[in-house]
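For reference, the structure is listed below as structure tokens.
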Amino acid sequence: MTEKPPLDGSEGRTWMEEGRSQTQLTAVDGPDEAATDDGDRPAWDSKIQYVLAQVGFSVGLGNVWRFPYLCHQNGGGAFMLLYVFLLVVVGVPLFFMELAAGQSIRQGSIGVWKHISPKLGGIGYSSCMVCFYVALYYNVIIAWSLFYMGNSFQYPLPWEKCPTNVTSNDTVKECAGSSPTSYFWFRKALNITNSIEESGEFNPIMTGCLLAAWAIVALAMIKGIKSSAKVMYFSSIFPYVVLFIFLIRGLLLDGALEGITYMFYPKLEIWGNVQVWRQAATQVFFALGLGYGSVIAYSSYNPVHNNCHRDALMVSCINFMTSVLASLVVFIVLGFRAKNIALRCVAENLSVLNLLASSGSNQHWWPWFNMTDVSTVTLAEYREWYHLYSSMVGPKITDCSLEQEMNKGVEGTGLAFIAFTEVMAFFPASPFWSALFFLMLLNLGLSTMFGTMQGILTPLMDNFSLLGHHRTLLTVSSCALGFIIGLLFTQRSGNYFVTMFDDYSATLPLVIVVIFETISVAWVYGTDRFLDDIEIMLKWRPPVVYKYLWKYVCLLAMVSLLAASLLRMVFKGPTYTAWNQSTASEMTLEYPGWALAMIIMLIVFASLPVPVSYIYSLVKNRWVRSTPSQVEVGQEMRRELYTKCSSTEQPDSHFHPVHFREDEVHPTPAFLSVGNEHYRLLSQEEDEEEEEEEQDTGV
């Protein structure tokens with residue numbers, strides 16, 4: 001009988017420890033066929049389906065509006081180099097770890113970590129909680145995209161010009177003080193209050209859009225991966241088509257070259273800033289979807305011998321290249337926007353100079369270029385003149401700096417619903433480009449949303465058989481519950497709650513989850529044994545460098561990220577950006593006391609399952625040890641049976657074998673080697689015969 005050598009305490013424990021019965025994943029007839037104990041488990045129809053699902057989940061809205069902003073604020077090309085470094089040494093190893101764990105154990109996040117150790121089962125429940133948090137507010141963003149896409153089918157676009165006041169026939173003050181796109185976003189779409197403390201009534205239009213968003217998710221996932229995978233063919237591929245279309249169109253815009261130059265110009269001094277490292281690590285962490293349980297859920301539907309190492313490298317590369325592609329599009333658009341704002345500034349300043357000239361004033365600092373035909377004046381000519389005579393022209397004439405406009409970074413909803421909408425209003429056939437852009441956002445959001453919901457549903461169905469038998473009802477009920485709780489985000493102050501959930505509900509709990517995932521694989525189970533199991537799956541052994549990355553580098557990086565995030569939260573204090581209607585501008589406010597309590601509750605509730613599960617397992621084990629178990633009773637009955645067999649008495653014909661519950665300690669089954677890497681369960685007769693042979697030979 002062949003088995004792996006025992007590990008010492010530092011390298012972890014075997015699959016069959018921690019007081020539970022486990023069987024090997026595969027009991028096969030041939031080297032390429034894997035039959036599991038869950039033969040009715042759904043599976044991907046093809047490899048392309050699985051890759052699209054993983055790419056669709058990992059490539060989301062953050063690639064379009066978060067990564068470009070971080071590049072913009074943190075040194076352009078220098079930030080990209082830092083991001084690639086952290087992606088290679090932290091992101092890819094952790095992503096590979098989750099893929100391999102899900103594929104080998106073929107369970108959702110709860111089942112995977114319970115399999116390694118029942119004491120760590122809370123990791124999976126924490127993942128489910130965070131997925132639920134994210135699903136609540138992520139679908140609100142999808143609802144916003146639906147609203148804007150619906151408003152794109154009109155010409156001119158409703159955010160192109162400021163509306164006029166019906167009574168005074170003047171431009172609405174709030175719009176005149178900001179911009180048409182800002183006014184449409186804050187007043188028409190959100191009808192936002194001045195702070196989170198002013199809740200306001202429900203926004204009926206956004207409530208309807210949120211209902212439609214949840215209905216789409218429910219219909220796409222009602223039959224599990226069989227239905228959602230078909231939707232993935234469109235939702236995962238379509239955003240790339242749109243990004244390439246926007247890239248080609250954007251390269252023809254005036255200002256595109258300036259935007260690209262600004263993006264790739266490296267500022268290496270940012271590498272000395274700790275906060276830049278924190279932001280880069282956080283972006284790597286969220287870009288790959290680590291800790292959500294969705295990566296594990298998707299990989300659990302794979303064949304056992306699928307090359308998950310190649311998948312980890314491929315998906316990570318696609319994710320990074322998508323971020324670069326999206327950044328190119330964003331910087332081209334921002335360059336075009338900045339160039340237009342700068343040229344409008346030149347036109348306004350020249351009109352002031354023309355008024356001075358018409359009044360008869362004659363100054364030696366008059367521009368040498370033609371002031372009457374603004375179209376012939378370039379931005380470079382104006383800035384050259386301004387730098388020579390800026391001290392003489394007075395405060396009414398300003399510098400029209402393209403770089404200054406580019407430095408005004410926008411992210412998140414500000415990038416998608418304000419900056420991009422402003423640019424698309426300048427495009428010929430603007431409704432077409434607007435509808436295309438928001439359809440892309442809709443698909444990016446949906447593909448991520450499918451993965452997030454899978455991170456909730458798969459673990460629940462795997463661990464609770466009743467839920468597994470009612471997949472459709474569970475899916476519809478989860479979506480209905482998400483819509484009801486999501487009404488919090490459709491009131492007038494709902495945008496502030498979206499910001500709260502985005503900033504605080506997922507970051508810290510997910511980092512904690514990944515820390516415990518890494519500990520469970522690297523220190524509880526053991527990296528050597530984990531690599532052995534991967535070798536059985538892949539039929540080749542991954543490089544030994546993964547052992548040290550999992551045990552030391554990744555764990556240290558995650559602990560450092562957790563510490564940096566906690567310190568920033570404590571010393572800086574939670575704040576949010578509010579829109580002031582009277583001044584038509586944004587302002588930074590501190591959260592009130594009840595909102596701070598809500599933030600703490602969100603973090604605690606998501607992190608609580610980890611210690612609770614550990615304590616529960618300890619208490620349960622102590623209780624089992626202190627009470628006679630059915631195992632001891634069964635062993636006593638077995639000894640009594642052997643005693644009867646050795647005498648002239650016959651065993652009781654009414655004797656029945658003792659059946660043990662899954663959560664009790666009982667002997668693990670024996671395995672017989674079949675070939676080099678497959679095992680089959682020995683029958684009782686074979687097991688007894690082998691024991692007799694060992695006794696006869698003195699082994």
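Note: Cβ is positioned from N, Cα and C throughout, glycine not excepted.
Per TrEMBL, Na(+) binding site is recorded for G56, V59, N63, N319, L444. Among the features that TrEMBL reports, compositional bias 'Basic and acidic residues' is placed at 1-20. The annotation region 'Disordered' is assigned in TrEMBL to 1-41. Marked as transmembrane segment by TrEMBL: 80-101, 122-147, 205-225, 237-260, 280-301, 313-334, 432-451, 472-490, 510-527, 548-571, 591-616.
Listed stretches 80-101, 205-225, 280-301, 313-334, 472-490 were compared with the transmembrane segment (237-260); the greatest number of C-beta pairs under 8 angstroms is found for 313-334. Within the same chain, residues 42, 44, 53, 139-140, 142-144, 146-147, 189-190, 231, 298, 301, 446, 449-450, 453-454, 457, 471-472, 475-476, 479-480, 482-483, 486-487, 489-490, 494 sit at least 6 positions outside the transmembrane segment (205-225) and bring their C-beta atoms closer than 8 Å to a C-beta of that stretch.
Packing around N319 (Na(+) binding site) is summarised by its Cβ count: 23 other Cβ atoms lie within 10 angstroms of its Cβ, all protein chains included. In the shown protein chains, 29 other C-beta atoms lie within 10 A of the C-beta of L444 (Na(+) binding site). Taking pairs at least six residues apart, the transmembrane segment (80-101) and the transmembrane segment (510-527) share three or more Cβ pairs below 8 Å and count as touching. Within the chain carrying the transmembrane segment (432-451), a Cβ under 8 angstroms from the stretch's Cβ atoms is held by residues 53-54, 56-61, 63-64, 135, 138-139, 141-142, 145-146, 148-149, 152-153, 157, 216-217, 220-221, 228, 231-232, 234-236, 238-239, 242-243, 245-246, 249, 289, 292, 294, 297-298, 416, 420-421, 424, all 6 or more beyond its ends. Sequence-distant contacts of the transmembrane segment (313-334) (same chain, at least 6 residues past either end, Cβ-Cβ under 8 Å): 51, 54-55, 58-59, 63-65, 67-68, 71-72, 80, 83-84, 87, 91-92, 95, 240, 243-244, 246-247, 250-251, 253, 255-256, 259-260, 262-263, 287-288, 406, 410, 415, 419-420, 423. Counting every protein chain shown, the Cβ of N63 (Na(+) binding site) has 26 other Cβ atoms within 10 Å. Recorded stretches compared: 122-147, 472-490, 510-527; the one with the most Cβ pairs under 8 Å to the transmembrane segment (591-616) is 122-147. Long-range contacts of the transmembrane segment (510-527) within the same chain: residues 7, 10-13, 15, 94, 97-98, 101, 113, 116-117, 120, 123, 126-127, 130, 285-286, 290-292, 546-547, 550-551, 554-555, 558-559, 561-562, 565, 607, 610, each at least 6 residues beyond the stretch ends and with a Cβ under 8 Å from a Cβ of the stretch. Here the transmembrane segment (122-147) has long-range neighbours at 61, 108-114, 189, 205-206, 209-210, 212-214, 216-217, 291-294, 413, 417, 438, 441-442, 445-446, 448-449, 452-453, 455-456, 459-460, 482, 485-486, 488-490, 494, 497-498, 501-502, 505-506, 509-510, 512-513, 516-517, 520, 602, 605-614, meaning same-chain residues at least 6 beyond its ends whose C-beta is under 8 angstroms from one of its own.
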